[in-house]
Amino acid sequence: MIGNERHGLVGVIGADLIRNAKIPLILLVAVLISAVLVVTTAHRTRLLTAEREQLVLERDALDIEWRNLILEENALGDHSRVESIAIEKLKMQHVDPSQENIVIK
């Protein structure tokens with residue numbers, strides 16, 4: 001007698017799904033896997049975007065530092081240019097410390 005047997009509801013539903021609904025079950029698993037992959041891809045994209053922003057800020061800071069170094073190099077180059085003009089055109093020369101005269105009022 002079939003009527004006297006007791007089956008668990010979960011077992012009956014599971015057996016019915018496996019027996020009659022294989023394609024929808026496979027599609028459900030595929031959708032779940034796809035959803036997990038979408039979430040992980042979005043997370044990685046956010047992390048990479050944040051890292052890229054940090055690198056852009058670092059690049060900008062390095063660019064500003066490079067420009068300041070170029071300005072400093074040009075300023076130091078101008079000093080040597082002034083010194084060479086003073087020596088060549090004005091016939092100026094460096095004075096030894098022993099030849100210096102200090103005037104005090």
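Note that Cβ sites are derived from N, Cα and C of the backbone, with glycine treated the same way.
Now, the feature entries from Swiss-Prot:
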TOPO_DOM  1-22  topological domain 'Cytoplasmic'
TRANSMEM  23-43  transmembrane segment
TOPO_DOM  44-105  topological domain 'Periplasmic'
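Residues in the topological domain 'Periplasmic' (44-105) partition by DSSP class (helix H, G, I; strand E, B; coil) as 48 helix, 0 strand, 14 coil. Sorting the topological domain 'Cytoplasmic' (1-22) by DSSP state (H, G, I as helix; E, B as strand; all else coil) yields 13 helix, 0 strand, 9 coil.
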